[in-house]
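Scroll down for the structure; my scribbles are underneath it.
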Amino acid sequence: EVYFKNLSKQKQKEVMEKNGNNHRLRVCVATCNRADYSKLAPIMFGIKAEPQFFELDVVVLGSHLIDDYGNTYRMIEQDDFDIHTRLHTIVRGEDEAAMVESVGLALVKLPDVLNRLKPDIMIVHGDRFDALALATSAALMNIRILHIEGGEVSGTIDDSIRHAITKLAHYHVCCTRSAEQHLIAMCEDHDRILLAGCPSYDKLLSAKNKDYMSIIRMWLGEDVKTRDYIVALQHPVTTDIKHSIKMFELTLDALISFNKRTLVLFPNVDAGDKEMVRVMRKKGIEHHPNFRAVKHVPFDQFIQLVAHAGCMIGNSSCGVREVGAFGTPVINLGTRQTGRETGENVLHVRDADTQDKILHALQLQFGKQYPCSKIYGDGNAVPRILKFLKSIDLKEPLQKKFCFPPVKDNISQDIDHILETQSALAVDLGGTNLRVAIVSMKGEIVKKYTQLNPKTYEDRLELILKMCVEAASEAVNVNCRILGVGISTGGRVNPREGIVLHSTKLIQEWSSVDLRTPISDALHLPVWVDNDGNCAALAERKFGHGKGVENFVTLITGTGIGGGIVHQHELIHGSSFCAAELGHIVVSLDGPECLCGSQGCIEAYASGIALQREAKKLHDDDLLLVEGMAVKKEEIVSAAHLIQAAKLGNTKAESILRTAGTALGLGVVNILHTVNPSLVILSGVLANHYVNAVKDVISQQALSSVKNVDVVVSNLADPALLGAASLVLDYTTRRIY
């Protein structure tokens, strides 16, 4: 405290010098109802007592000006405060809409008042909807705001309103250490937070020794003794009005059964308040000999009433805050004050759903005396607040700053990060394997899953869905945002509808298959489907040698032979989606039979299946193996054995590979003469074995105008997956200017 006083004096001296010694801080205090005036009045008295530092303007609005709530503005006048402005802002009604309309009406009327007053700072209290209108108006009109009782936690809509005002306010006066920590956690500037305690406690802690019996008799009757009556104060819960009305009925029934003199105060102006008043009148509370129903009790007298009561019951914040200063037993009903810090004098009845439960709580609490609690203050709040006000430097920037906790550098808006995290699910349906991968915008395969391709349609589709769901879940863990699903599959595909029209013999039960609908429905993502050859061309266009090339052709040399044609930067599909079936270009009229049913196709000569067929023939004739080679008994002879034999000098194997390379080269020459690309890209596991043969055939057989075409081997490891991904990435990230 000594340190604070010395620091405060020094800061006040500096501020006075900055602001000018003759400048008085013009403070506007706006009060909306009897409850907030009880907290603001001590501050107002303190400000009024130091005219050399402050100039006070009082604005009155809200329920203060309503007869049904006691015209409580009169107590402000009785306290000898000049009311500068009275604003009628309450729209009468019984639902949530009336509260909203009241806020709107206040927002319409306040700007004119604030323009006339031009305060340096406005003091706003608490969490009522009227206070939200005050804070909003002041913030938008560049008036500094001091918020009283921010950082606290309770129930209903009040929490949201209180925290919203906190975000608008420039300075904060809180009542408890926990509230201070909440404000800091909400990123408010610690230097602008004052832990002062509740201003009402400055009155409470000096009030109990005053004459109280006359006050008790005035409000409850001549025959009432101390600790032998109840004070009831219950408000509607705006987020559950029907339940709060029912709870009020049960409370009144329990109080009637308990048969003790009871002072019942009318509820706040909130949605549902009129219904609560009707419940009181329906039960005859205003005429019941044990009850006194009142609209308002002056705060000084209310203090004496709760200080000497046998119990207080309801859901008012007064019960869990101020009453603790006297150790009076409190029964807190429902959820309206959930989260408030309370002393041991408070008994919570969270689910007050039966009369018996409330009656039992009354029997437990009535007449007890608890230790006094100082959770909310020590009686010295006002001096601290006045010092805090004097320390405000009006020359500091008005724009408030938030003190966010240290976090990892946020790179989400960095273009490289965006490119990395925007990703696609790529699916490759091959003759042997089914693969699914998460592929980033840069072509990085972040995660890959491989399974054997099932033989039946049902099993295959089920496995695709399972693998895609697993990959989509994993994408979250690796910080990838999936934009869609791209599928590469063998066969003829209608990419517009996402349907496999018919497939090669390598993939069974794969004709007239709608892939887009079931996968899109399961993953809630867009789905694109295309032929594996076309996907390889797209992969080259986005990630490989075809990037930036206007016209090129990609040839896949694998189990089969496929490809794709890019003309003027666009993929060619053809009128019936049969373009670029490059493996079925016929290079010999009497060549070997192809799986398509024709003879002499490139695929019948140069595909992996064709080479395996020739390798088996040599092996069956004992013409395959040469020195340095061995094939195990259970091992299946493959194209790899043929290539190995050729490398080891097997002339038969060399001849077969030469013929295959020539067939592929002739096919490429036909392509050159048809679409005249500037680049030919050989892709797949056999590309390196064919590239020189293809170049030789072009130099011997092609027209001179196309002989200078570039023939290269793809440097992409997974063209099918990358192509499937590019279906998604090219479309979803395309921008039209």
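Each residue's number is its place along the chain shown, starting with 1.
Note that Cβ sites are derived from N, Cα and C of the backbone, with glycine treated the same way.
Residues or ranges marked as domain 'UDP-N-acetylglucosamine 2-epimerase' in TrEMBL: 53-390.
The N-acyl-D-mannosamine binding site annotation in TrEMBL covers Arg492, Thr504, Asp532, Glu581, His584, Glu603. All protein chains considered, the CB of Glu603 (N-acyl-D-mannosamine binding site) has 28 other CB atoms within 10 Å.
Annotated active site per TrEMBL: Asp532, in sequence order. Sequence-distant neighbours of Asp532 (N-acyl-D-mannosamine binding site) (same chain, six or more apart, CB under 8 Å from its CB) are Asp428, Leu429, Gly430, Ser488, Thr489, Gly490, Ile556, Gly562, Ala720, Gly723, listed in sequence order.
Non-local neighbourhood of Cys594 (Zn(2+) binding site): His584, Gly600, Cys601, Glu603, Ala604, each in the same chain, at least six residues away, with C-beta under 8 Å from its C-beta. Residues annotated as Zn(2+) binding site in TrEMBL: His584, Cys594, Cys596, Cys601.
Rounded to a whole number, the C-alpha distance linking Thr504 (N-acyl-D-mannosamine binding site) with Cys596 (Zn(2+) binding site) is 8 angstrom. Each residue contributes its Cα atom, and for Glu581 (N-acyl-D-mannosamine binding site) and Cys596 (Zn(2+) binding site) these two points are 11 Å apart.
Those residues of the chain, other than His584, Cys594, Cys596, Cys601, with a C-beta within 8 angstroms of the mean position of the Zn(2+) site C-beta atoms are Gly583, Val586, Leu595, Gly597, Ser598, Ile602, Glu603, Ala604.
The Cβ of Arg492 (N-acyl-D-mannosamine binding site) has Val500, Leu501, His502, Ser503, Asn531, Ser576, Phe577, Cys578, Glu581 as same-chain neighbours under 8 Å, each 6 or more residues away in sequence. Sequence-distant contacts of Cys596 (Zn(2+) binding site), defined as residues of its own chain at least six apart whose C-beta falls under 8 angstroms from its C-beta, comprise Thr504, His584, Glu603. Taking every pair among Arg492, Thr504, Asp532, Glu581, His584, Glu603, the residues listed as contacting N-acyl-D-mannosamine, the largest Cα to Cα separation comes to 16 Å. Each residue in the domain 'UDP-N-acetylglucosamine 2-epimerase' (53-390) has a pLDDT score, and their mean in this model is 92. Cβ neighbour count for His584 (N-acyl-D-mannosamine binding site): 20 (other Cβ atoms within 10 Å of its Cβ, all protein chains included).
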